[in-house]
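Q: A single structure is presented below for examination.
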Amino acid sequence: MPKIAVLGAGINGIASALAIQERLPNCEVTIIAEKFSPNTTSDVAAGLIEPFLCDDDVDRIINWTSATISRIHEYQADGNPGAEEQSGYWLQSVKSEPKWLKLMKNVHILTDAEMKQVARRPEHKFGIFYTTWYLEPTPYIKWCTDKFLKNGGKFKKQKIENIDDVARSYDVTVNCTGLGSRALIGDKEVYPTRGQILKVSCPRVKHFFIDDKYYALLNDSTITLGGTFEAHQWDLTINSELSQKILKENIHNIPSLRTAQILSSHVDMRPSRGTVRLQAELGRSLVHNYGHGGSGITLHWGCALECAEIVENVLKMKKSKL
C-alpha cells in the first residue's frame, strides 16, 4: 500500500489529503503538521469565495474556483454550518470586471443613480453588485477531518525542519506548508502579506461591502472587517490603533456598523507568491501545493483535485521504473 505524507494541516493540506484518499483509496495518507485547526492561518480567514491577492493564469483560477463552489454545494447539502450565499457591493476606483465574475450570481453593474446611493468616498467611482458564497474554514476543516479519519487517515504532530527526512518514510510527499515553504524548501518567491482583521457582531448589516482598501464580509453570526495587505511584513502583533482605524473606515462605508459589538482581533500572514505552485518536483517524489495568497479558501478544492491527480501520476511513474 503506497504511503503518502501531506505536510501542513490548513485548508489546503486537509483538502489535498482528502482528495488523494478519494482518488487513490488504496493509499495510506498521513497529515504531518505542527499546528492544527483551529490554530492555522486558514482559520482566521472570512472565507469569501472570490480570487484575492493571487496573480495566476485566469483560466486556472476560474477552474479551481468553480470546483470549490461545487464543493460548497456538497457541504451545504449535508446541512453543515458556516456556508451560505452572501450578496453585496464591490466599489472601485478603477473599473474592473474580471473574468471570474461569470462564476458569481446576480451580477449587476451599478448605474450612476445606484452609485449615488451606495458610494461613500470620492474614489468610489464604479460598482458591481453580485452574489457569492462564504465558507467558514473552522467548521469546514472539521467536516473534512472527520471524512479523512473515517477513510483511515492519520495525523502526526511534528515540526518539520527537513523535508528530506520526512520524505524517506513515504512514497510521495505533498508540501502544503504555505509560507513555511520559504524556509522548508528555500522558495524565496513565497512571502508574507500581513493581514489584520476584526470580528464583530452586527445583525443589521445584510450585505458585504468591499472597496480598494477595506471590506466587511458576512459569516453565519459574525462580520469580518478588514483589512491590511502588508507585503513582506512578519509581525504578528495586533496593532490596536490599526484595529480602530479598520473599524472607523468600515463604519464610514457602512454606517450601521456603529452598533457593532467587537468580538475579537486577529492577525496572520497570507502565503503570497507570483503564482500558485502546484506541481511535482522533477527528480523527486515531491508534490507542491502552496502560494495561494488570499485565495486559499477560494481555490482549495480545485487545487486539491489537481494535486491528487499529480500524486497519482508520480506513483505511476515510480511504478513504471520498477
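Note: Cβ is positioned from N, Cα and C throughout, glycine not excepted.
From Swiss-Prot, for reference:
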- 1-17: signal peptide (SIGNAL)
- 9-11, 34-35, 40-42, 46-48, 159-160, Thr177, Arg270, 293-294, 296-298: FAD binding site (BINDING)
- Asn39: N-linked glycosylation site (CARBOHYD)
- Asn63: N-linked glycosylation site (CARBOHYD)
- Asn175: N-linked glycosylation site (CARBOHYD)
- Tyr215, Arg270, Gly294: D-serine binding site (BINDING)
- Tyr215, Arg270, Gly294: D-proline binding site (BINDING)
- Asn219: N-linked glycosylation site (CARBOHYD)
Q: Using a Cβ-Cβ cut-off under 8 angstroms and a sequence gap of six or more, which residues of the chain neighbour Glu34 (FAD binding site)?
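A: For Glu34 (FAD binding site), the qualifying residues are Lys157, Gln158, Lys159, Ile160.
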Q: Round to a whole number and give the Cα-to-Cα distance in Å for the pair Ile297 (FAD binding site) and Asn63 (N-linked glycosylation site).
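A: About 14 Å separate the Cα atoms of these two residues.
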Q: Do you know which of the recorded positions Asn39, Thr41, Asn63, Asn175, Asn219 has the most other C-beta atoms within 10 angstroms of its C-beta?
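A: Counting every other Cβ within 10 Å of each candidate, the maximum falls on Asn175.
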Q: Which number gives the other C-beta atoms within 10 angstroms of the C-beta of Ile297 (FAD binding site), all protein chains shown included?
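A: 28, counting other Cβ atoms within 10 Å of Ile297 (FAD binding site).
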Q: By CA-CA distance, flag whichever of Ala9, Gly47, Arg270 among the binding-site residues is nearest to Asn63 (N-linked glycosylation site).
A: Gly47
Q: Could you check which of the recorded positions (Ala9, Asn39, Tyr215, Arg270, Gly293) sits closest to Asn175 (N-linked glycosylation site), going Cα to Cα?
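A: In terms of Cα distance, Asn175 (N-linked glycosylation site) lies closest to Ala9.
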Q: Of the recorded positions Thr41, Gly47, Asn219, which one sits closest to Arg270 (D-serine binding site) when you measure Cα to Cα?
A: Thr41
Q: Specify the secondary structure state of Tyr215 (D-serine binding site) as given by DSSP, simplified to three classes.
A: strand
Q: Compute the C-alpha separation of Gly47 (FAD binding site) from Asn219 (N-linked glycosylation site), stating it in Å without decimals.
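A: Answer for this pair: 8 Å between alpha carbons.
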Q: Using only the Cα atoms of Tyr215, Arg270, Gly294, which the record gives as binding D-serine, return the largest interatomic distance in Å, rounded to a whole number.
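A: Pairwise Cα check on Tyr215, Arg270, Gly294 gives a maximum of 16 Å.
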Q: From the Cα of Gly293 (FAD binding site) across to the Cα of Tyr215 (D-serine binding site), what is the distance in angstrom?
A: 17
Q: List every residue in the same chain as Ala9 (FAD binding site), at least 6 positions away in sequence, whose Cβ is under 8 Å from its Cβ.
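A: The list for Ala9 (FAD binding site) reads Ile31, Ala33, Lys35, Phe36, Ser37, Thr40, Phe155, given in order along the sequence.
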